[in-house]
Each structure stands twice: as structure tokens, then as C-alpha cells.
Amino acid sequence: MDSRVSGTTSNGETKPVYPVMEKKEEDGTLERGHWNNKMEFVLSVAGEIIGLGNVWRFPYLCYKNGGGAFFIPYLVFLFTCGIPVFLLETALGQYTSQGGVTAWRKICPIFEGIGYASQMIVILLNVYYIIVLAWALFYLFSSFTIDLPWGGCYHEWNTEHCMEFQKTNGSLNGTSENATSPVIEFWERRVLKISDGIQHLGALRWELALCLLLAWVICYFCIWKGVKSTGKVVYFTATFPYLMLVVLLIRGVTLPGAAQGIQFYLYPNLTRLWDPQVWMDAGTQIFFSFAICLGCLTALGSYNKYHNNCYRDCIALCFLNSGTSFVAGFAIFSILGFMSQEQGVPISEVAESGPGLAFIAYPRAVVMLPFSPLWACCFFFMVVLLGLDSQFVCVESLVTALVDMYPHVFRKKNRREVLILGVSVVSFLVGLIMLTEGGMYVFQLFDYYAASGMCLLFVAIFESLCVAWVYGAKRFYDNIEDMIGYRPWPLIKYCWLFLTPAVCTATFLFSLIKYTPLTYNKKYTYPWWGDALGWLLALSSMVCIPAWSLYRLGTLKGPFRERIRQLMCPAEDLPQRNPAGPSAPATPRTSLLRLTELESHC
């Protein structure tokens with residue numbers, strides 16, 4: 001946590017003061033802290049939202065859903081859902097100076113369950129997202145060799161069906177109906193040692209467990225001192241992946257066949273716009289890549305100074321995120337185009353999404369390049385960094401929420417560090433089940449259900465309804481104006497009121513209608529209890545919102561209408577817009593704490 005305290009100058013402006021010792025409140029709790037500067041906040045948010053989905057999900061969705069035509073539904077969701085909810089969550093954190101749970105308690109107690117729902121998603125996300133880092137670290141360490149281990153069929157884990165690819169004739173070196181490539185055998189038989197189903201978990205993969213332990217150790221020390229350590233680490237973790245991406249992009253576009261790959265990536269097929277699945281993919285991609293409905297943006301925004309221009313930051317970060325996804329598509333599909341030409345097969349046979357791209361398609365392409373170990377190291381180091389800052393910001397979000405809920409317990413010397421250690425240890429131990437021989441099936445359950453687009457859409461519906469219709473869109477706009485000095489684009493307010501809840505509700509209902517049970521590798525079908533477990537993971541977050549509302553209504557005393565009124569009223573200690581305007585002479589904050597009778601029924 002930052003050790004700054006706020007001082008007030010003669011003209012009323014807030015000015016940071018840097019004491020030598022860590023400042024404490026009157027009750028002995030440590031101060032909450034702020035970012036040292038705007039750049040730390042911007043890089044932290046950039047590190048959170050720019051992650052693996054930008055590299056391995058967006059390019060594939062663009063290719064799959066009509067190439068350049070996919071940008072039409074993508075931009076619709078960007079402006080109607082992505083940017084409005086992104087601003088809503090960031091501004092909410094900055095305005096309340098609270099984490100992902102207590103921020104909602106402050107503005108509308110009856111919807112505090114929104115915070116619990118988002119943190120439940122984050123808890124599950126913290127367990128399984130870092131598994132990808134364990135795999136990437138394993139591949140990274142395996143790349144420090146002259147000959148990449150997935151480049152040939154002469155290893156102990158290879159089977160008699162393994163066949164190396166012959167570039168000269170565009171076919172496998174041999175013929176067999178059961179032929180497999182060395183890349184797939186390395187992934188399934190060396191890395192995963194995958195079993196035949198979720199019912200057979202098998203033994204723990206100790207090498208992957210050590211990689212997971214290393215990932216958690218790195219994650220812990222990135223955030224163990226709060227924003228003081230996080231703000232420094234992101235200077236590297238949020239910027240270095242761009243250097244790696246540029247290097248891979250330059251290498252990719254200079255390869256033969258790159259133009260063919262880029263054409264498949266961008267060539268517009270407008271007829272795909274009539275397929276509702278294309279629109280659903282665009283919507284879920286926005287929610288995944290913008291990290292909304294997770295409480296992370298609220299937590300990061302809560303460490304901003306009150307008058308930080310969060311509106312400008314949000315617009316810039318949203319376009320940076322989308323731009324990164326677009327550019328990453330060139331880097332990925334130029335390589336896939338090269339691989340398609342080398343193998344003499346259609347690009348549809350080499351294009352993959354998710355882990356299939358990172359651990360099968362791209363490693364296969366790297367083998368065909370000169371100095372292949374170098375390019376493998378660059379790629380997997382980029383994957384590690386992309387996942388690392390997304391991971392530790394999610395952990396920071398959970399810790400911030402817990403500390404703000406129980407400040408007298410955790411805002412003491414060294415207790416925050418112990419809390420982070422506890423979260424890391426528990427998440428590490430739970431995550432070990434995904435590193436067993438059947439762990440991949442468990443990982444897929446978490447990925448498909450726990451942090452699915454369905455869960456995020458459900459939370460987004462209530463977020464927009466709560467702020468726009470219960471707290472009041474105009475009131476929240478007044479709060480933002482008080483913070484930044486002017487009112488944001490009016491369309492955003494109407495998105496909160498109408499477009500965002502309508503679009504999210506329609507997409508949520510469509511995802512329910514189009515639901516299909518989970519399969520692995522398009523071959524393995526989960527048993528009924530596997531899908532039931534997945535639905536429990538999904539409902540564990542969604543049920544928090546109605547359950548908390550019913551709990552608070554049931555425990556509060558008084559007439560029903562009075563209980564509703566109390567639970568819909570914001571906290572009295574929230575700062576309100578200065579009636580004289582943001583440029584008016586300084587007014588004591590205490591005179592603005594209470595809402596006027598004209599502004600609220602509370």
C-alpha cells in the first residue's frame with residue numbers, strides 16, 4: 001500500500017504528502033493507499049485486460065465468424081456494453097474508494113450481492129487461470145535446448161503412430177489412419193499425460209506442480225505489498241509483451257505464406273452476420289477481454305485519487321485493448337499462413353483457439369522456423385507475462401475486497417501479506433487437481449462454466465440496472481462530473497439505462513437457448529455428473545445476487561416498504577457533487593456528505 005496521505009493546499013486542491021513512516025489512522029489501521037502516479041494505474045489495468053484472450057481467442061473468433069465482418073458486431077458490443085460497463089466499474093471504485101464488494105454496499109446495499117458474485121467468479125478464476133502459466137512455464141523451460149522436444153518422434157513418450165511431417169511432399173512421413181504429430185504427443189503424453197476421462201484423475205504431474213508453485217511464488221511477490229509493489233511490477237509485465245508481440249509480428253509477416261494467413265484472418269464474409277452465434281461470440285469476447293464484472297476494475301480504480309480523469313483513462317484503455325487484439329491477429333495468422341503453405345493443407349486445418357493455439361498450433365509452426373528454440377522462448381515468455389499480470393491483478397482484486405470488508409482485521413502491519421499468502425496457498429492446493437493426469441478435464445469444466453460469458457452477462461445486467469435505475473444514472477453522472485470536471489459522452493448514460501441491460505439480457509437468454517454440453521477435443525463427452533458439477537460452478541456466482549437481496553430483506557427489521565427503502569439508499573458518507581460546480585472554491589468535504597431531499601427519497 002502507498003504511504004501517501006492527502007493534504008489540502010490553500011486553493012483547495014489535494015496534494016500528496018510523503019511521510020517517512022507508514023501512516024496510520026486514529027484507530028491504528030494502516031491507510032488504504034493510492035497509486036504513486038497515473039501510469040501505475042494505467043499499466044495495471046492494461047496488464048489485467050490485455051491477456052491471453054487477445055492472442056489466442058480474438059484472432060480465431062475473427063477468422064471463424066466472417067473475418068472483417070466480425071468487427072461489426074464486435075464494435076456494436078464495444079460501444080453498447082464494453083466501454084459503458086468498463087467506465088461504470090472503474091468510476092465506481094474511484095468514487096467510493098472501496099473494493100469490489102463494499103463499493104456496491106456503499107451505493108446500494110440491496111445489490112451488495114453483485115460484489116459477492118464477481119468475487120466468487122474471481123475465486124474460481126484464480127484457481128484455474130494460473131494453470132495456463134504452469135503449462136507455459138513447462139514449455140518455456142523445455143525450449144532451452146538445441147532441438148525442441150516436440151519436433152521429432154524419437155522420444156520415450158512417442159508412440160508407433162507418431163509421424164514427422166515431410167515439408168517436401170506436404171504429407172506425413174508414412175501412412176496410418178491413427179497417425180499423430182509429435183507436437184500433439186508432446187502435449188498429451190509428455191506434458192499432460194492425459195487420462196481417458198474425468199473419472200480417472202490419476203497421479204499428480206509433479207513437474208507441472210513445480211511450475212505452478214513457481215507461478216504462485218512470482219504472483220505473490222508481485223502484489224504482496226499492495227499497490228506499492230504492483231505499481232512497480234507492471235512497468236515490466238504490461239509493456240514487455242508488446243515488445244515480444246512486435247518481434248513475432250515482424251517475423252511472421254516476413255514468412256512465405258503470411259499474406260494467405262492474413263487474408264483468411266480479415267477477408268469479410270458478410271453472410272455470417274445473419275448467424276446469431278457470431279453476435280454471441282462478439283459479446284462474450286468483449287466481456288472476457290475487458291475483464292468486466294470481475295471486480296478487478298473497481299479494485300484498481302479505488303486506488304486512484306478522487307479527481308483522476310478516469311473517463312479519459314477508460315476510453316484509452318478500451319481502444320488499446322481492442323487494438324492489441326487486432327494486431328495480435330496479424331502475428332498469429334501470418335505464422336499459421338506460413339504453416340499452411342509449408343504443409344500444403346487449408347488454413348482451417350491449422351487454425352486453433354485457446355490452449356490448442358498456444359500449445360499445439362504455434363509450437364508446430366515454430367519447429368518449421370530457423371532458430372526455432374529462440375522463437376519458442378520468445379513466444380512462451382510472452383504467454384507467461386500476458387497471463388501473469390492478469391493473474392496477480394485478479395488476486396489483488398480479491399484481497400482488496402476482503403481487506404475493505406474487514407479493515408480492522410487486515411489493515412494492520414503484515415496482515416495483508418499473510419492474507420495474500422493464505423489466498424495463494426489455498427488456490428495452489430486446489431489447483432493441483434488440474435495437474436493430475438485427468439486434470440485437463442477439470443480445467444475445461446472451470447473454463448466452460450465457472451467464468452463463462454453467461455455468468456459475466458448475468459452480473460452485467462444487474463450492475464447496469466443497479467447504477468442506472470436504483471442509484472440513478474443522473475446522480476452517477478453528477479458524481480463523475482465532480483471527479484473529472486465535466487460530464488462524459490451522454491450516450492454512455494443511455495447505454496446504462498437501456499442498451500446495456502437489453503443487449504446483455506438478449507445475449508444471456510440466447511446463450512441459455514444455444515447451450516450445448518461440454519466436450520473435450522470434440523470427442524470426449526462428459527458424464528452427467530460432470531455437467532452437473534459445471535452448472536454448480538456457474539450458479540455459485542449467479543445465485544449470490546438474489547440470495548443476498550433476500551437475506552438482507554429477511555434480516556432487516558421494520559415494515560417491508562421501509563426495509564426496501566433503506567436497502568436502496570446509498571451510504572451517507574459518500575461525497576456528492578458540489579452544487580457550485582467542480583471549479584468552485586473549495587468546500588469542506590463534510591458539507592457534501594449527505595444527499596439533499598431533492599436528490600433522493602432516502
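Including glycine, each Cβ sits where the backbone N, Cα and C put it.
Feature annotations, reproduced from Swiss-Prot:
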- 1-13: compositional bias 'Polar residues' (COMPBIAS)
- C153-C162: disulfide bond (DISULFID)
- N173: N-linked glycosylation site (CARBOHYD)
- N269: N-linked glycosylation site (CARBOHYD)
- T587: phosphothreonine (MOD_RES)
- S591: phosphoserine (MOD_RES)
- 1-22: region 'Disordered' (REGION)
- 1-40: topological domain 'Cytoplasmic' (TOPO_DOM)
- 142-206: topological domain 'Extracellular' (TOPO_DOM)
- 549-602: topological domain 'Cytoplasmic' (TOPO_DOM)
- 41-61: transmembrane segment (TRANSMEM)
- 68-88: transmembrane segment (TRANSMEM)
- 121-141: transmembrane segment (TRANSMEM)
- 207-227: transmembrane segment (TRANSMEM)
- 233-253: transmembrane segment (TRANSMEM)
- 282-302: transmembrane segment (TRANSMEM)
- 319-339: transmembrane segment (TRANSMEM)
- 366-386: transmembrane segment (TRANSMEM)
- 418-438: transmembrane segment (TRANSMEM)
- 453-473: transmembrane segment (TRANSMEM)
- 490-510: transmembrane segment (TRANSMEM)
- 528-548: transmembrane segment (TRANSMEM)
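Feature annotations (Swiss-Prot) mapped to structure.
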residue : record                      : DSSP class
C153    : disulfide bond              : coil
C162    : disulfide bond              : strand
N269    : N-linked glycosylation site : coil
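Listed disulfide-bonded residues: C153, C162. The one with the lowest count of other Cβ atoms within 10 Å of its Cβ is C153. Between the transmembrane segment (453-473) and the transmembrane segment (68-88), the number of CB pairs under 8 angstroms, six or more residues apart, is three or more, so the stretches are in contact. Touching of the transmembrane segment (319-339) and the transmembrane segment (528-548) is ruled out by the presence of fewer than three CB pairs under 8 A, sequence neighbours closer than 6 excluded.
Over all protein chains present, the Cβ of N269 (N-linked glycosylation site) has 13 other Cβ atoms lying within 10 Å. Same-chain residues lying 6 or more positions outside the transmembrane segment (282-302) and placing a CB less than 8 Å from one of its CB atoms are 32, 41, 44-45, 48-51, 53-54, 57-58, 61, 65, 70, 73-74, 76-78, 81-82, 85-86, 89-94, 96-101, 103, 115, 118-119, 121-122, 125, 310, 318, 321-322, 325, 390, 393-394, 396-398, 400-401, 404, 452-453, 455-457, 459-460, 463, 503-504, 507, 511. Only sequence-distant pairs (6 or more apart) were considered; of these, at least three Cβ pairs between the transmembrane segment (490-510) and the transmembrane segment (68-88) are under 8 A, so the stretches are in contact. Rounded to a whole value, the Cα-Cα separation of N269 (N-linked glycosylation site) and C162 (disulfide bond) is 37 Å. Take the transmembrane segment (418-438) and the stretches 41-61, 68-88, 121-141: counting Cβ pairs under 8 Å, 121-141 has the most. Confidence across the topological domain 'Cytoplasmic' (549-602), taken as the mean pLDDT and rounded to a whole number, stands at 71. In terms of C-beta pairs under 8 Å, the stretch of 41-61, 68-88, 121-141 lying closest in packing to the transmembrane segment (528-548) is 121-141. Counting Cβ pairs closer than 8 Å to the transmembrane segment (207-227), the top stretch among 68-88, 121-141, 233-253 is 121-141. Counting only same-chain residues 6+ beyond the ends of the transmembrane segment (68-88), those with a CB under 8 A from a CB of the stretch are 61-62, 266-270, 272-273, 278-279, 281-283, 285-287, 290, 292-293, 297, 310-311, 314-315, 317-318, 322, 460, 463-464, 467, 476, 488, 491-492, 495-496, 499-500, 503-504. Below 8 angstroms of C-beta separation, residues 52, 100, 191, 207-209, 211-212, 214-216, 219, 293-296, 355, 358-359, 363, 376-377, 380-381, 383-384, 387-388, 390-391, 394-395, 397-398, 423, 427, 430-431, 434-435, 439, 443, 446-447, 450-451, 455-456, 459, 537, 540-541 of the same chain, each at least six residues beyond the ends of the transmembrane segment (121-141), sit close to that stretch. Sequence-remote contacts of a segment are chain residues at least 6 beyond its ends whose Cβ falls under 8 Å from one of its Cβ atoms, and for the transmembrane segment (233-253) they are 39-40, 43-44, 46-47, 50, 55, 222-223, 262, 324, 327-328, 330-332, 334-335, 338, 369, 375, 378-379, 381-382, 385-386, 388-389, 392.
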